[in-house]
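K.L.:
Before we start, here is the structure in question, set down as C-alpha cells.
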Amino acid sequence: MGNCNACVRPDSKESKPSSKPKKPNRDRKLNPFAGDFTRSPAPIRVLKDVIPMSNQTQISDKYILGRELGRGEFGITYLCTDRETHEALACKSISKRKLRTAVDIEDVRREVAIMSTLPEHPNVVKLKASYEDNENVHLVMELCEGGELFDRIVARGHYTERAAAAVARTIAEVVMMCHSNGVMHRDLKPENFLFANKKENSPLKAIDFGLSVFFKPGDKFTEIVGSPYYMAPEVLKRDYGPGVDVWSAGVIIYILLCGVPPFWAETEQGVALAILRGVLDFKRDPWPQISESAKSLVKQMLDPDPTKRLTAQQVLAHPWIQNAKKAPNVPLGDIVRSRLKQFSMMNRFKKKVLRVIAEHLSIQEVEVIKNMFSLMDDDKDGKITYPELKAGLQKVGSQLGEPEIKMLMEVADVDGNGFLDYGEFVAVIIHLQKIENDELFKLAFMFFDKDGSTYIELDELREALADELGEPDASVLSDIMREVDTDKDGRINYDEFVTMMKAGTDWRKASRQYSRERFKSLSINLMKDGSLHLHDALTGQTVPV
C-alpha cells in the first residue's frame, strides 16, 4: 500500500457537514498508539539475540528469498526456496527496528518457542527454522497457498452441514493438540486457518501463534487479547484459561453453519455487551434446517460460564463431531455462502483500511503522552501511584471525582501491583480523552476516496477490494455497500466508514500496542457502566480487581 494520493475537497452541493472529514493536522493531533511508548525513536539501537537459539548461519546460505507474500505490523512474509531441496516455503522476516518495546520482543520469543515446542501436526503450520541477523528475525515455515477457510467454502458450489462438521472437527483437533501440550492459542478465527495448497483434499492449517501463551492447569490470565467477534466473556473480565479457545472455535462453527457471527453490534463496546449477554439466535435461516446435534454442540461451546463449557476433548467426543461423515448432506443454501462471502470480503476491506492506518502511525505524536507521564511521575521512578495520578489529573484540568479516579486506577492496573507503569498509563489517557483515532480514520478515508468527493463510491470500493484473487463479484460489492451505506444514497460517507471500522475490527492488524490499549479502555468502560457486574449476576462469577 502506498501513500495517500488524494485529498478531500469540499463539495457544497453533495457533502453533508457531519460526513465530511477535515484535512488532518499532523502537528497538533495526539496519537498515543504508535510504536515506542518507552523510549525516544532515535537513535535506534541494534537488538541482539532476540531469538537466542536461532541458527548462527545466514539465512541466505540455505534459502533464497523470493517475492513478497504479505505484510504485517512488524515485517514482511516472502516466498522462500530451499537451495538444496527446492522446497517452496514461507519466510516471515520481522524487522528488529520495529520491535520497540519489551512486550514486542517477548511476543516474538514466545511465538518461536511455542511453534518449536508443539509436535508436528497435519493441521498446524510447521516452523522449519529461525535465523537472526542485525536487521531481522527470519522465521522459515510451511507455505500455505490454498487460501483462507471462508474463501474456499465460498468457491465451492455445494456447501453442506456435513462439510461444516468436517471443518469443525479439524479446528477442535487443533485446539485439543495445543491444550494437551500446554499452549493456549488466544486468537482463533477463520483468517488464522489456511489451506496448504489449492487441491480439493488440501489439509487445513492453523497459523499465527503470535498471541499464544504457555499455560499450566489452574493458571489464570488477565491480558485482554484476541479479535472482538471471537472473544470469550471471561477475557473481557480479565480472568481466563484455555476455555477461551473452545469459545472462539464455537464462534467459528456458528459462522460456518449460518454465515454470520453470533455476537454482533455496530461498535466494539456493543460487540462486547452482546458477548456478555450470550444470547444465541437459532431462529433465522438456515438454523431451522440444521440438526439439533449441531445446535447442541454450539450451545455447549458458547456457554458463558467457562466452568460449564465443554473442553476441547469433550468437543471431539460430541456426537456431531464423532459422526461428522454422517451429518446431513443437504445444502445449507445460497444464503450461507453469500453471507460467508460478504463476511470474508468485508474483513478484507477492513484489513486494507488497517494497512493504511498502520502506515500513518507516527512515533513523534507519542511525545505528548510521554511528557504527561513525566509530569505526573513526581519522584521519577517510572511508575505512577494513586496520589500521583489524582494530583496529576488535577494539574491537567481533569474534572473526575475521587471514585472515578479510583476505578480508573483499579481497572488500568492490570498486574495489580498498586501503581501504573507506562503502558497502563496510556490506557488511562485513551479512556479519558476518548481517543478513537479519528485522525487516522480520516487519513484512511482519504486514501480510498480517490476522487476527493468526500464519498467512497462503488468503483472506489471495487478498486479497494481488488487483489491477487481478482475482481470481487458485483453481488458481494452490492452487499457490502448495502450494509455500510446506512442512508441508502449509494455511496459510503465518512460517518458510515467510521461506523464500519468500529464494529468488530481486529486492531492488531494495525498495531498490537494500539489493540492492547483499546481493549484496556474497553474494559474500563464496561466496568464503569456496570456491564461486567451484570454478567457476574447472570453467571455467578466475579471480576478480579
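These residue numbers are counts, starting from 1, taken along the chain as shown.
A Cβ is built for glycine as well, from the same backbone N, Cα and C atoms used for every other residue.
Residues annotated as region 'Disordered' in Swiss-Prot: 1-36. The N-myristoyl glycine feature in Swiss-Prot is assigned to GLY2; the stated evidence is sequence analysis. The feature domain 'Protein kinase' is assigned by Swiss-Prot to 63-321, with sequence analysis given as support. Summarising the annotation, Swiss-Prot assigns ATP binding site to LEU69, GLY70, ARG71, GLY72, GLU73, PHE74, GLY75, ILE76, THR77, LYS92 and lists sequence analysis as the type of evidence. Summarising the annotation, Swiss-Prot assigns active site, proton acceptor to ASP187. Annotation comment: Swiss-Prot describes SER227 as phosphoserine. According to Swiss-Prot, the domain 'EF-hand 1' annotation covers 364-399, on the basis of sequence analysis. Per Swiss-Prot, the feature Ca(2+) 1 binding site maps to ASP377, ASP379, ASP381, LYS383, GLU388. The domain 'EF-hand 2' feature in Swiss-Prot is assigned to 400-435. Sequence annotations record features per position, and here Swiss-Prot assigns Ca(2+) 2 binding site to ASP413, ASP415, ASN417, GLU424. Under the heading domain 'EF-hand 3', Swiss-Prot lists 436-471, citing sequence analysis as support. Swiss-Prot lists ASP449, ASP451, SER453, TYR455, GLU460 with the feature Ca(2+) 3 binding site. What Swiss-Prot lists as domain 'EF-hand 4' is 472-507.
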K.L.:
At 10 angstroms around each C-beta, which of the recorded positions THR77, SER227, ASN417, SER453 has the fewest other C-beta atoms nearby?
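P.N.:
Each of the recorded positions THR77, SER227, ASN417, SER453 was scored; lowest Cβ tally within 10 Å is ASN417.
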K.L.:
Given the recorded positions THR77, ASP187, ASP379, LYS383, TYR455, GLU460, tell me which ones have a C-alpha lying within 10 Å of the C-alpha of the residue listed as 'phosphoserine'.
P.N.:
ASP187
K.L.:
Round to the nearest Å and give the CA-to-CA distance linking ARG71 (ATP binding site) with TYR455 (Ca(2+) 3 binding site).
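P.N.:
Cα to Cα, ARG71 (ATP binding site) and TYR455 (Ca(2+) 3 binding site) are separated by 27 Å.
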K.L.:
Considering Cα atoms only, can you say which of ASP187, LYS383, GLU388, GLU460 is the nearest neighbour of GLY75 (ATP binding site) among these recorded positions?
P.N.:
ASP187
K.L.:
Comparing the recorded positions ASP187, ASP379, ASP381, GLU388, which residue's C-beta has the most other C-beta atoms within 10 angstroms in this structure?
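P.N.:
Answer returned by the neighbour count: ASP187.
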K.L.:
Taking only same-chain residues 6+ apart in sequence, whose CB is under 8 Å from that of GLU460 (Ca(2+) 3 binding site), what do you get?
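P.N.:
Sequence-distant Cβ neighbours: PHE448, ASP449, LYS450, ASP451.
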K.L.:
Can you figure out which of ASP377, ASN417, TYR455 (the binding-site residues) comes closest in space to ASP187 (active site, proton acceptor), comparing Cα atoms?
P.N.:
ASN417
K.L.:
Under a criterion of Cβ-Cβ distance under 8 Å and sequence separation of at least 6, what residues of the same chain contact ASP377 (Ca(2+) 1 binding site)?
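P.N.:
Correct list: LYS383, ILE384, GLU388.
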K.L.:
Of the binding-site residues ASP381, ASN417, SER453, which one sits closest to THR77 (ATP binding site) when you measure Cα to Cα?
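P.N.:
Answer for the nearest of the binding-site residues: SER453.
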K.L.:
Can you tell me the CA-to-CA distance separating ASP379 (Ca(2+) 1 binding site) and LEU69 (ATP binding site), as a whole number of Å?
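P.N.:
Between the Cα atoms of ASP379 (Ca(2+) 1 binding site) and LEU69 (ATP binding site), the distance comes to 49 Å.
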